[in-house]
Amino acid sequence: MSDWKQILTTSSTLISQMMGASLLSIAFIVNKLGWVIALSLHVFTILCDVFMYKYYIDIVHYTQAGTYRQLTEKALSKKLSLVLDISIWVSSFGVVTNYIIISSTAVINFIQNVFDYTANKYVVKAVISLLIIFPLCLLKSLKQLSKIATVASTAIFVTAFTVIAYYFMHLSSKTLCMKQDNTPIRYHLNAFPNASVFTSILYFLMYIPALQNNFTCHTIIPNIFKELKGSSLQKRRIIQISLFIAISVALFLYVSVGFMGAAMFGTDLKDNLLKSFAPCKWVWIDICSLLFATVVIVVYPLIVYPIKMSITNMCGQDPASKKGYQIQLMVTIVFVVLSMGLAMLLEAIVAIFGLFQSIAGIIFYFVTPICLIVQYPKIKANCSNHDESSLIEVAAADKGSDEDVSNQRKIVGVIGITTFSIICAVGVWMNGIDAVNAFK
């Protein structure tokens, strides 16, 4: 396979990893922040990601690790890799909870608009969770689901370009549609939040972990690197180009949907963009909603699967054994029941997403990448023959001491970890307040 074919395939994989249900909530965040702060937040996020990925791809190249956890265990420590696993579980729980909310909302709106019947939201969530998602999670082989998810993910792009199309279709009148009370949904987007300067700063900080997730794909980069054909240097180049393409496409879609969606609905915007279209009663939007619901339902077991495998391996059991299957079954039950329960209690997808990303983000998005960057000189120095694809062990307990890491680099690392820890704490606090208010 030529390099450009591999770049195309890898770019598609990375884009699919970045684009997801958060596309439906980005407009709400832009609307809340105002376009100036929202744009600043996107610039800040991209700069952080570009800086982090520059080192991260090199570290994957040097260590030849097959997974994110394996890379962390080799380059840093086994304990941190365990904490990283747990943080990924927490992050995933928030994501799959939103999947239940989004899919049930799509079904309820479709029934309401097409059959003029208001379905019970608790019944719909229970049916989707227990009768559809749970059986899918019990499948031992997810190859077919992976293929379906790959094809179905086109619904995400259809939704994105639908929002863009509707924005330009109604731009001249600046009125999207009429609500049931005959009042119009008018275009409007503030430059800044309707809040004090201090509160605006808190808004900026609280959504940093959430936006970080929108461009995160470092969990799959080691796997992709391992599967690519060619020398290690060729693989690194392919990943670098593919990542640039993926971030560019994802940024375009998030910014387009976020800013256009926020402007279209103005004060009538809901935290779920597709839910905001409900008053318009457009059939095409209902179709897009159902397609999006199908995507998240199929992706749910794909997210839970590696968590089941990880916990089973941590328990020292073979996933193929009877005991291993029992552990996987218990993990599935816990995930489905808890996510369904939270989805029934709370429907604020932005607050849920922001809260769990802030809790998990301190380790997942910031501590681990910063520690890898701090240790970069040592990792590079301890990796001989790194131009080839030989496996290089770079354990934290290696014979090499920390002398290769300057004190200045360590201090910068500590400052970075402290800063982002404060940011995540603000995210937990502010999103927690939003979640409590939504529950009331």
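Our numbering is plain: 1 for the first residue shown, then up by one each step along the chain.
A Cβ is built for glycine as well, from the same backbone N, Cα and C atoms used for every other residue.
Note that the structure is a prediction, hence the values are computed from the model and not measured.
Among the features that TrEMBL reports, transmembrane segment is placed at 7-29, 35-53, 82-102, 122-139, 151-169, 189-208, 238-262, 282-307, 327-346, 352-374, 411-430. The feature domain 'Amino acid transporter transmembrane' is assigned by TrEMBL to 8-372.
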Paired segments the transmembrane segment (151-169) and the transmembrane segment (327-346) in contact, 3+ CB pairs under 8 A: no
Same-chain residues near the transmembrane segment (238-262), Cβ under 8 Å, at least 6 residues beyond its ends: 3, 6-7, 10-11, 14-15, 17-19, 23, 26-31, 35, 38, 42, 46, 49-50, 53, 57, 60, 157, 159-160, 163-164, 167, 189, 214-215, 217, 221, 224-225, 228, 230, 269, 273, 276
Best-contacting stretch, by C-beta pairs under 8 Å, relative to the transmembrane segment (82-102) and drawn from 7-29, 122-139, 352-374: 352-374
Interface-richest range of 7-29, 35-53, 411-430 toward the transmembrane segment (352-374), CB pairs under 8 Å: 411-430
